[in-house]
Amino acid sequence: MKAKIFSVLQRIGRSFMLPIAVLPVAGLFLGIGSSLTSNTTISSLHLEAILGKGTFLNNFLTILTNVGNAFFNNLPIIFAAAVALGMAKKAKEVAVISAVIAFFVMHTTINGMLTLSGVIIDNQVVGTNVLDGTITSTCGILSLEMGVFGGIIVGLGVSFLHNRFYQIQLPSVLSFFEGERFIPIISTISFLFVGILMFYLWPFIQNAIFALGKVVSTSGYFGTFIYGVIKRLLVPFGLHHVFYLPFWQTAIGGTMTVNDVMVYGGQNIFFAQLADPSVLHFSSEATKYFTGEFIFMIFGLPGAALAMYHTAKPEMKKAIGTLFFSAALTSILTGITEPIEFSFLFAAPLLFGVQVLLAGSAYMIAHIFNIAIGLTFSGGLIDFVIFGVLQGNSKTNWILVIPIGIIYFFLYYFSFRYLIKKFDLKTPGRETNNKLLILKKPNLCDNKNIIDKQSQLIIRGLGGRDNFNDLDCCITRLRVTVNDNTKLNEGLLKQSGAAAIITQGNSVQIIYGPKASSIKTKLNEYLSNVPVEYDEYKEEIVYNQSCIELGNIVDGEVMPIESSCDQIFSHKLMGDGVIIKPHNGLIVSPCDGVITMIYPTKHAVGIKLDNGCELLLHFGIDTVNLNGNGFEVLVKINQRINKGDLILNADLEYIREKATSDQVILVITKIVDNLKIEKNYGEMKRGTVILKILS
C-alpha cells in the first residue's frame, strides 16, 4: 500500500513539472517587464528617452509584463491540463482536451449554483456573508476561488476517468462514442456533479485552508524553519513539489490585497506586488517560502562541495574535482541541488541531516532579516539577479544575502569537513577500495544519433524494455514504474551517469541532474526507432575464463585514468583503464596473451588476450617525441607471453627529464560485450591485481 501511494504521489509530482518548467519564462517576462517599465527604475537610470512611456521599448516591455501576468492569472486551467497529461497512461492528448472541457463545466456549474442561491446576480457578488476573496473570476467565470487546487482536482479526476474508460466498448448503436471519444463525454457529465458537490463542500475546505495558512503564518520564524526542513527532507523522494506548491499558489501560503485585488499564495503575492509600481517593499511574509534558498543554493552547498573535495584522497581529487565543480556551478546558477545532495545522501546520511537543518535555518534567517526576493523555479543566481538585484535593495534587501551567504558557505564547509573527518564518512573520493564498475559494448550502427549508449545502459539497468513503463521526468530525475524491481541493475544505471537511484516498491527515480529531460527525450527516441535486438547484442566469442585478472605492470601508485594529463586517455578515447606513477622502468605483462603491436618509437606495446580483449601499455606522455631513446623492448610481435614476463625496460630518469610525464597507462582498447571491469587503486607492486575482466 505504501509503495502504491508513493507511486501515485510521484506521478502527481511529476505532472506538476510542465507548468513549473514554464514559470521561469513567465516570471522572466514579468520580472524584466515590470522592473524596466517602473517609473522609479526609469528615472533612477535616467533612461526616459529610451524606456519612457510611448517609446518602442516601453511598449514591448509592457507586452512582456502582460504575457507574464496572463500565465500566472490562468494557472488553474494550466494545471488541470498538465495534471491530466502527466497522469494519463495512453492517448494523453484526449485527456488534456477533456480536462479543459471539464474545468469549464465545473466552474460554470458552480457559477450557476451561486446564481441560484442568490450569492451572485448579473455576475456581481451580492451575498452578505461571503468571506472576502472566496469568489473570483476564473477564465472569465465568476466562481469559487479554488486556485490551482481546482485545476489539480480536475486533472486527477479526468485522468482517472480516462485511464479507466479510454478503451471502453459500447453497443453497436453507440459505437461512434466508444473508446477515446467517450472520455470528454463522461468527463462533462461527471464534473457537472463535481461542480455541484464543490459548491457545498469547497467553502469548508476554504475555511480549513485559511486556518492552516494562519497557523503557519502565526508560527512566526519557527514555522518558517519547519517549512524549510520538511521541504528539504522530501527532496530525496521527489515529493517536495507536492508539499511546497500549496504554499506558493494557494491561501495556505497566505493572502494579501494587492492593487485592490485579493491574491493567494506566496509566489502569486510576490508577482502581484512585482507588477504594482506602488509597492515600496515586497512582503517577506509571502517570500519566506523561497527566499532562503538563495542563501544555501548559491553559497552553502558549494561550500559543502569544496569540503568534500578537500577531504577526498589525494589520488582521487583530480577525478572527483570535475564532478564537484560542475555540481556546485549548477547549484549556483540554476538552484538545482540534487547533483550535490545526492553525492552524499546515501554515502553519508548524517551530512544530509546537517544540510536539512542548515537549509531550514536559511529560510528562517531570510524571514528574520526581511529579505524578500522572489523566484520562478529555484534559488539560483539568475533569479537572484532578476528578482533581487534589478528590483533594488529598497524593495528586496538583496544585499544582505551576500554576507549571510558567505557565513553559510563557511558553516557548510567546516561542518561537512569536520563530520567527514570525525566519522570517516565515505563521501566521493574517500571510498575504501575505490572500485569502479564499467561496462563496454561494441558499436552496432554507424548512426550515432539513433544508437545511444546511455539509453542502452538505462534500458539494461531497468531490466529490459518489457520491465518498465510510465517513463517520465521532472527537472532532475527520470521517474519510471518497473514490473519487477529485482531486475534493476543499479551499477548499469550509475554507469549511464546517474548520481543516485531511489526505489520505493515498483516506483524508481534515477537522479541525473538538469540533463534529465534531454536524457528522457533521447531514451524515448531510442525506444521508438531502435529494435530491441540492439539492447542485448552479443558477439559470438568463446570465453576461456570467467574472470581474467590483470596484474600491475610496474611498481608504483595506481590511479584513475581520468587523472591522466593526456586528454586522449583521460577522456577514454582509447578505452578505459588505469594510470600508474612508476617507481622504476621495468614493465611486465599484466596477463597471458600475444604481442600484437610494438610502436616504432618503442614506448607502446599492444597485447591481445585469449578472450578477445585487447590492451595497450603506454609509457609516458609525449614519449613518441623521444624516437625510441630511453626504451628497450624485450618482446617481438606475435610472441606468446605469460603474466609477469618482462616486456619493456625504460630509463625512468631520462624520461622524466625529456618527456611531459612519466605516467604509465594500461588501457583496455577492446572489450567484448557484457564483460565488466573492476579497478583497484593505490600503491601496488608488480603483479598485484589492479584490474579484473569479468563475464
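Cβ atoms are placed via backbone N, Cα and C, with glycine included.
Feature annotation from TrEMBL assigns domain 'PTS EIIC type-1' to 3-432.
Taken from TrEMBL, the feature transmembrane segment covers 12-32 (among others).
What TrEMBL records for 70-88 (among others) is transmembrane segment. Sequence-distant neighbours of the transmembrane segment (70-88) (same chain, 6+ residues past either end, Cβ-Cβ under 8 Å): 11-12, 14-19, 22-23, 26, 30, 94-96, 98-100, 102-103, 138-139, 146-148, 150-152, 154-156, 158-160, 162-163, 249, 268, 271, 472.
Under the heading transmembrane segment, TrEMBL lists 95-121 (among others).
Look at TrEMBL and you will find 141-161 (among others) tagged as transmembrane segment.
The transmembrane segment annotation in TrEMBL covers 182-202 (among others). Within the chain, the transmembrane segment (182-202) has long-range Cβ neighbours (under 8 A, six or more residues past its boundaries) at 94-95, 97-99, 101-103, 105-110, 112-114, 117, 144, 146, 150, 153-154, 157-158, 161-162, 165-166, 168, 170.
The feature transmembrane segment is assigned by TrEMBL to 208-230 (among others).
Look at TrEMBL and you will find 242-266 (among others) tagged as transmembrane segment.
Sequence-distant neighbours of the transmembrane segment (286-307) (same chain, 6+ residues past either end, Cβ-Cβ under 8 Å): 224, 227-228, 244, 247-248, 253-254, 256, 266-267, 269-270, 273, 324-325, 327-328, 331-332, 335, 337, 340-341, 343-344, 351, 355, 358-359, 362-367, 371-375, 378-381, 383-384, 388, 401, 404-406, 408-414, 416-417, 420. The annotation transmembrane segment is assigned in TrEMBL to 286-307 (among others).
Summarising the annotation, TrEMBL assigns transmembrane segment to 319-336 (among others).
Remote same-chain residues near the transmembrane segment (342-365) are listed as 221-222, 224-229, 232-233, 236, 288-289, 291-293, 295-296, 300-301, 304-305, 308, 323-324, 327, 404, 408, 411-412, 415-416, 419-420, 423, 425-428, 499-500, 511 (criterion: CB distance under 8 Å, separation of at least six residues from the stretch ends). What TrEMBL records for 342-365 (among others) is transmembrane segment.
If you look up TrEMBL, you'll see 372-392 (among others) marked as transmembrane segment.
Through the fold, the transmembrane segment (398-420) approaches residues 294-296, 298-304, 306-308, 310-311, 348, 350-351, 354-355, 358, 362, 365-366, 369, 371, 373, 384, 388-389, 391, 427, 430 of its own chain, all at least 6 residues removed from its boundaries and within a Cβ separation under 8 Å. Under the heading transmembrane segment, TrEMBL lists 398-420 (among others).
What TrEMBL records for 452-533 is domain 'PTS EIIB type-1'. Helix, strand and coil counts under DSSP for the domain 'PTS EIIB type-1' (452-533) come to 40 helix, 22 strand, 20 coil.
As annotated by TrEMBL, active site, phosphocysteine intermediate applies to CYS474. CYS474 (active site, phosphocysteine intermediate): 24 other CB atoms within 10 A of its CB, across all protein chains.
Counting residues of the domain 'PTS EIIA type-1' (566-670) by DSSP class, helix then strand then coil, yields 15 helix, 49 strand, 41 coil. Residues or ranges marked as domain 'PTS EIIA type-1' by TrEMBL: 566-670.
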Ranked first among 141-161, 242-266, 319-336 for CB pairs under 8 angstroms with the transmembrane segment (95-121): 141-161
Spatial neighbours of the transmembrane segment (319-336) far in sequence, C-beta under 8 Å, 6+ residues away: 293-294, 297-298, 301-302, 305-306, 308-309, 312, 343, 375, 377-383, 428-429, 475-476, 513-514, 559-560, 562-563
